[in-house]
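The following features are taken from TrEMBL:
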DOMAIN    30-73  domain 'EGF-like'
DOMAIN    75-118  domain 'EGF-like'
DOMAIN    120-163  domain 'EGF-like'
DOMAIN    165-208  domain 'EGF-like'
DOMAIN    210-253  domain 'EGF-like'
DOMAIN    300-343  domain 'EGF-like'
DOMAIN    390-433  domain 'EGF-like'
DOMAIN    435-478  domain 'EGF-like'
DOMAIN    525-568  domain 'EGF-like'
DOMAIN    570-613  domain 'EGF-like'
């Protein structure tokens, strides 16, 4: 009731807005009048207890305003949608919910719901070979594998396989050079073998037989040859010349005279010191057991083994006949060429054998033979083992899609299938098959199996018509039509077409289909040409049925019918309901009817019920 006149007054309840006049109150659901004043990205609803208007941002949007003044902004534009700094914030196609996807070069180590992006290179070396360095492409940041110094890629740019450079064509070294690694940088270094000299440079080693380079530095009367066992340069005086220098600095001098002066055939003469009288001494390889005046020369090797080490054999040089001491089998010279000292080879630096070799005894002869430790392969001989990592030889015998590794405890070779491949053989005989061909890579039967471009890992993607209801790491595909109304408009209902009984979709009452029967897109009928209502009418929906009905705007009166509303200026229809002594006009702001008593008349009613007297 009006406080002054006690006349009844109609006021819309909470959640409804008067779209009529003060005298003719028409209450419309506030949410149907321009979305209840909510942000375009906030559906208008009502509080269950008070029915007050509630504005709630849609999925994928966040309120940057307040509870009473909701302002919806794309969540991805606010702190990257809460995603990891190295993730890209996007939206799911069906729900528009925020989806965080790690940028190229980063891998999700969290879950689909809580994405944590970590540099891919920090996870199992980015899937690179153990002897490769994981880096990132400068332009795309994609993972790039590069072999470490001293290793060479024997795979491809997309599948890098690093092998010891020295095991590939001798590391590019000269055939007479040995390939080794620099102790500080591990770079391949070429060093000429014993008996050869580098006539190139440090960066381009060219090995030439030392004897072909000015007679190997030997005396002009000493031919240059090589030691049979070590291939070291040996300078030996020609026949008729004697080394008057040393074993390491050979100086050849002619010492012969005619008929040997009647002395022992093996004793040439010399001149004595001081008086310069003639004395006799034995030729090289012989020892005088007589006197200076009457030399008796015997083979030096028969006199106390020629002065050689007890474990050395005494022989003569073929060209000079000088005594040559050679350590027996199983012994090594730890002295020099001129002072041979023989030591048991097995007690010296692992017997001179590869550090990865171990001695055993041969069958039958019980002689010592050498074999490589587990995980190494002998490319030398039983007598001189050269052990290299088995994995560097034809990938250790592993399948071409497997990586050759070693067990930590035994160092035995282990073949492990690369990312994206599955072992269809056994633990002992690994056969790597494309995971996608082996039981669809473990993917859901409605998810085709593919491979990731960067890591080649298995990627499961639901087929068209199916939606992943699991996670990024555990894909479970469900018929989309059974999820959230089949992905169709929530205001559509399915029926069956006549004749074919095929499923077709039509919009609910109050909505109009602007799509097709197969893919209905339902929008509020009132938004299409005002729902067919008169231009001075408001298109509304009935509360219970949601059917469209037309209500004349404030200041207009229906002169048609309930089904066919025709809105005419209320002032022209029975004076707008005003007293016959009143004038009908319109409020400038609301266009509502305003009744004003004519001059000479006074309103004895109220503001909403004018009575002129």
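In case you wondered, yes, glycine gets a Cβ from its N, Cα and C as well.
Annotations in TrEMBL come from automatic prediction, not curation.
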So, taking each listed stretch (75-118, 120-163, 300-343, 435-478, 570-613) in turn and counting its Cβ pairs to the domain 'EGF-like' (210-253) that are under 8 angstroms, which one gives the highest count?
300-343
Cβ under 8 Å, sequence separation of at least 6 from the ends of the domain 'EGF-like' (165-208): give me the contacting residues as numbers and ranges.
148-152, 154, 226-227, 230-233, 388, 392-393
Based on Cβ pairs under 8 Å, which of the stretches 30-73, 75-118, 390-433, 435-478 lies most in contact with the domain 'EGF-like' (525-568)?
30-73
So how many of the residues in the domain 'EGF-like' (120-163) end up helix, strand or coil by DSSP?
7 helix, 15 strand, 22 coil
Can we call the domain 'EGF-like' (75-118) and the domain 'EGF-like' (435-478) in contact, meaning three or more C-beta pairs below 8 angstroms at a sequence separation of 6+?
yes
Six or more residues out from either end of the domain 'EGF-like' (570-613), which same-chain residues have a Cβ under 8 Å from its Cβ atoms?
2, 4-5, 7, 9, 20-24, 553-557, 559
Chain residues in Cβ proximity to the domain 'EGF-like' (390-433) (below 8 Å; excluding those fewer than six residues from its ends, i.e. six or more beyond):
127, 129-130, 159, 161, 163-164, 167, 373-377, 379, 441, 451-452, 455-458
Below 8 angstroms Cβ to Cβ, which residues of this chain, lying six or more residues outside the domain 'EGF-like' (30-73), approach it?
13-17, 19, 91, 95-98, 526, 538, 540-541
